[in-house]
Structures are given as C-alpha cells and as structure tokens.
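What follows is a single structure, written as structure tokens, with notes after it.
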Amino acid sequence: MAIQTDSFAAAPAPSSGSTRRLISAAPTSPNEEAMERALRPKLLQEYVGQAKAREQLEIFIGAARKRSEALDHVLLFGPPGLGKTTLSHIIAAELGVNLRQTSGPVLEKPKDLAAILTNLEANDVLFIDEIHRLSPVVEEILYPALEDYQIDIMIGEGPAARSIKLDLQPFTLVGATTRAGMLTNPLRDRFGIVARLEFYTPEELVRIVTRSAGLLNVPIDAEGALELACRSRGTPRIANRLLRRVRDYAEVKSDGRIVKRIAELALTMLDVDPRGFDVMDRKLLEAVIHRFDGGPVGLDNVAAAIGEDAGTIEDVIEPYLIQQGFLQRTPRGRIATLAAYRHLGVTPPRGGAGPVGSDLFEG
C-alpha cells in the first residue's frame, strides 16, 4: 500500500499564540505531526476507542474486501485530535489499497482535484481533511465523481471550449471535518458511511498512553499513565504530547520513569491542572467570576478583560469549558457555573451561579 501526501496537502497553521497551547487539540508543529505518524496505529485491531465507529468500519470494510469493491464514501467528523486522519490511513491499510491525502483549503481550482482523481487506481482511498472548506467550484466537480466515477472537464477556451467526460476508477472518498454543520447538504448526502468521533474516556487514554510509551521506550506505570490520561481533555493527540513533555521532565529530574508523582510535578510545572485546564482556561473563568460577578457577560467584554481575541475565545478556549460544564453561553452572555466556582476554590453567590455542569470524566 502506498501513501501519498500532496505537496499542498496541509493549509498553513494559524500563528495565534493560542494555537500553540500545550493542551491544544490541533497539531502544533511539523515535528509533532511526524511523531504522530510514528505512533499511529496501523490496523483497526490496534485502534483504541470509538467502539461504535470501529465496529461499523470492520463490517463495511470486510464486506467491500469480500466483493473486491470500493468501500462506500466515508465522512468522519468530531473535535480535532480524536483520530480522523488515523482512521483514514487504517481504512486504506485494511482495504490493501493506496491512500492519497490532501485538504480542502488547498484544492483551490477544479483542475487541482481533477489531477488527483484521474491518478487514482481502482478502489484507492482519497482522504480530504477539512472537507468543509472546499470551494463551491471544486465541490461541484466532486459530485459526479462520487456518484458516477466521472468528471466533466473543459477543453479549450472561449467559443471553442467544450466539456468532455472522463471516466474514473472506482474509489473511496474519506472526508474529515471538525464542523459537520458547515457541509452543504448535497455533499453530506453523498457519504454512505458517517461516523462521529467522541472524546475518549480516561481508561481508553491510559491504553493509548501506555502503547505510545512502549513505542517511545519510556518506562511508565499505571498510575503515571492515568495521571496523564485525566489531564488530556479526552484527546489522544494531547495525551501523546503530554507524554513527551513529561518524559523530558522524568529524564532530567528523575530516573526517566514516569510515575504518578513525577507526572504531577511535570504537569504542574507546565500549568496543566488536574482537569486539563491551562492558564488561558483559568484566566477566562477567573475573569467571568471575579470581574463580572459570574456573569452574564458579553464576549467582547471577556476578550478585553483577558487580552485575547474574541474569535480565539469562542473557537479555541470556550468549547471545552462549555462541554465540561464550567461555562454557559446564554442569550445575555457567558455565565460561570457552580463547577467553575468549585474548581477555582471560590464561594459562589447565593443563587447567582449557573447549574453544575455534567462531567465527561466522572464515574
């Protein structure tokens, strides 16, 4: 099986400081992406978590392989860092076919996509990351390719221009997105297999951390792995990043073995608290509680209070706090919940705080 990544396969990463947070779910550097590839499971039996999606893919891939057909088109969606790219590689490996990888933002013209499609071999997998960012003109050429394995291309210019149909080899499109709601209905309807990836449990992350530690030749015990897992925000990418940073700490400050105490000391030094919150998370919660009496407060006021861009707060910092039940968005503004007061050790006002949020990692 060959894996080909186009030279234009990745859009430039934003340069905002918030994207370089240690607990960011997005890749922070090319070096990290290379490390992810080294740690990536190769087959479904090695893949941890996402039990429902994994079971469905096992069945659909097995059936396609049995019939020697292309797998139906697959849409993978969910928060960043949960394994969408990894699953695309696994799908190709399980099918025993080639993988061609690119991304939505860099397919600027129909000819960019046409060049890729016409070079696919029978039953190959085409992986398009950030597929919600495809331009409308590129998306239009994709429809007949997905349905009929054909594309229409224009030959010539001006009055002499004409359209011809080109037949394609049967192929499987695997699209990945963090924003399924931004997909157009015609594109979404062309995926026969749709899988939502969920946050991982601490138990699943312990297995991932333990496996990665083994591949990196890092000695780690069960309690050390659990400490990392609980601070990883339900995200394997973050778990593997924390593992590498704690490994550095253990090698310099101890005997190189990661145990609970070493993990606690390292992560405290790195400003990652027991809930996986960092300085920016706590700064936002403290601003809402101390400067605005727990809210409601508007986004622009919060942004001014903590010196951060409003878009970064809304897209990068807030989602996990809201998902974990520490912050609420209401029509009147942001409100800190009782869970936020308790986490910061602040006595909530009588009847003034939002409800206690549900906890992904309880139980």
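Keep in mind that glycine also has a Cβ here, set from the backbone N, Cα and C atoms.
Here the structure is a predicted model, which means the values were calculated and not measured.
The following features are taken from Swiss-Prot:
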type     : residues       : note
BINDING  : ARG329, ARG334 : DNA binding site
COMPBIAS : 7-18           : compositional bias 'Low complexity'
REGION   : 1-32           : region 'Disordered'
REGION   : 13-200         : region 'Large ATPase domain (RuvB-L)'
REGION   : 201-271        : region 'Small ATPAse domain (RuvB-S)'
REGION   : 274-363        : region 'Head domain (RuvB-H)'
Practice item. Counting Cβ neighbours within 10 Å across all chains shown, tell me which of the binding-site residues ARG329, ARG334 comes out on top. Key: ARG334
Exercise for review: Going by DSSP, give the three-state secondary structure for ARG329 (DNA binding site).
Suggested key: strand
Exercise for review: Count up the helix, strand and coil residues in the region 'Head domain (RuvB-H)' (274-363) according to DSSP, in that order.
Suggested key: 42 helix, 11 strand, 37 coil
Point to revise | DSSP-derived helix, strand and coil totals, residue by residue, for the region 'Small ATPAse domain (RuvB-S)' (201-271) | key: 51 helix, 2 strand, 18 coil
